[in-house]
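Peer 1: Pulled the feature table from TrEMBL, pasting it below:
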type	residues	note
BINDING	GLY88, GLN89, THR90, GLY91, ALA92, GLY93, LYS94, THR95	ATP binding site
COILED	379-513	coiled coil
COMPBIAS	560-583	compositional bias 'Basic and acidic residues'
DOMAIN	9-371	domain 'Kinesin motor'
REGION	551-583	region 'Disordered'
Amino acid sequence: MLGAADESSVRVAVRIRPQLAKEKIEGCHICTSVTPGEPQVFLGKDKAFTFDYVFDIDSQQEQIYTQCIEKLIEGCFEGYNATVFAYGQTGAGKTYTMGTGFDVNIMEEEQGIISRAVRHLFKSIDEKKTSAIKNGLPPPEFKVNAQFLELYNEEVLDLFDTTRDIDAKNKKSNIRIHEDSTGGIYTVGVTTRTVNTEPEMMQCLKLGALSRTTASTQMNVQSSRSHAIFTIHVCQTRVCPQTDAENATDNKLISESSPMNEFETLTAKFHFVDLAGSERLKRTGATGERAKEGISINCGLLALGNVISALGDKSKRATHVPYRDSKLTRLLQDSLGGNSQTIMIACVSPSDRDFMETLNTLKYANRARNIKNKVMVNQDRASQQINALRSEITRLQMELMEYKTGKRIIDEEGVESINDMFHENAMLQTENNNLRVRIKAMQETVDALRARITQLVSEQANQVLARAGEGNEEISNMIHSYIKEIEDLRAKLLESEAVNENLRKNLTRATARSPYFSASSAFSPTILSSDKETIEIIDLAKKDLEKLKRKEKKKKKRLQKLEESGREERSVAGKDDNADTDQ
């Protein structure tokens, strides 16, 4: 079964191979260039193409795998299908990039995408098992299967079938291609090998690759004469992961009563497609059987191009997609416009003699970027039902919380509705928060203005003292502190007067209400007690006001005495100076 669909575009990478020794001897010039730091390639002087990834002549295998393929392997563990296919003219480096052409003397850094993906796959399986054991969870169970198909002259051949006659390739194949109820493509009559370790997988890949049809042409010494599709199926049974803290709490409560864990089964398939190169008969010099193979290869690639055009061109999206025109496009139906995360690696030659082939490859790849795939998680029916029940539980918990908080109500007729008081309460809370912010800002403004007033008044007093005579720093500091204290007391006085005014209004309101309750003896003691409390509070406020006023008067008197003493000292000093002058 499948989960919810999500759109994902086909990503395209372009790899430019280095020039061959033969091309250098013949004096071929490089006609491609890459914009530094940008995924853009120039062909000639005026033809520019932009892709998702561009790898220049000096790019390494590790760089291509890390940037393009690594995330696809991680996605397989979450139940997502993936496809990588290499396209380009013959001799452009497709088999080298994919790693399907085994060489005895190959170095580790020259290993292709498939070898690195297999190593990454089994390493991640071991890490996930170890991580689950460390967390006290049952380790996930993995089942890995492999298939290796070859499409030779429009016949699907099984490269894992050891009983078939390799020389009888023109015989009709018994392998059938079918489509399931969900639109997925599967094959019948193909050998499926169960693999448990990385060396086993590499041995299977090596045996299949050695059975693949290759031949020599004028353009490529070891030219692939067929399309190869190596498929890895991963089936994973694991404990359902917790999505958030709320689900974790719920599962914790459930586990207290029942220690059973919930499991889910995810499946994923990863296609590694090494397409045979497009070729021109007059350049390859193929005749007889080689010419027939070249024609079959070009027919399959033409059908693939028609599918890419139908899916990629906006004007043709509503028309029929010709998947059934070729067995190649039928096998790749999932990968192009279906349930798969797909990346296309377009391999090109940098030499000017291959200019037209390189241009056609880049145009081909540019159309593929517009294809939209519908990516979905592959789950079994039980896992899908568990996820649906979890979503339903979460929805019901949210609804129950809304009833508890009063957001939802049910009237007398049993009709459910949203409580208006809830919205009003939410609006009032928002307004309250806004007012708090404003009050805080106003308080900061008041403090700043009070400090400014204190500064101005103290400066004015210092100017008065300076005009009368020489100013004293100690007196200036004392005046500044007194003025600051006076301003603080004035602010408290204003606040107390506001409180007093508010209490007086409440008392007036309570007095005006008291005649209405005079007939009822039950309310009169309460009203009288509240009146007494209000009167007592007002009396206390008046006393506080009087105290504040007295303190302010004392402060003013102290300031006046200081000013008078300063004047007397200056006058005495002036008289002494005059007496000295007379003498």
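Quick reminder: no glycine exception, Cβ is built from N, Cα and C everywhere.
From a predicted model like this one, the values you see are computed outputs, not experimental measurements.
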Peer 1: Where does the mean pLDDT land for the domain 'Kinesin motor' (9-371)?
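Peer 2: When the pLDDT values over the domain 'Kinesin motor' (9-371) are averaged, the result is 83.
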Peer 1: Check each residue in the chain of GLY93 (ATP binding site) that is at least six apart in sequence and keep those whose C-beta is under 8 Å from its C-beta; list them in sequence order.
Peer 2: ARG15, ARG17, CYS347
Peer 1: Give me the non-local Cβ neighbours of ALA92 (ATP binding site): same chain, 6+ apart in sequence, Cβ-Cβ under 8 Å, ordered along the sequence.
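Peer 2: In sequence order, ARG17, GLY277, CYS347, VAL348, SER349, THR361 meet the Cβ cut-off.
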Peer 1: Using all protein chains shown, find which of the binding-site residues GLY88, GLY91 scores highest when you count other CB atoms within 10 A of its CB.
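Peer 2: Highest number of other Cβ atoms within 10 Å: GLY88.
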Peer 1: When you measure from the Cβ of GLN89 (ATP binding site), how many other Cβ atoms are you left with inside 10 Å?
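Peer 2: Around GLN89 (ATP binding site), other Cβ atoms within 10 Å: 22.
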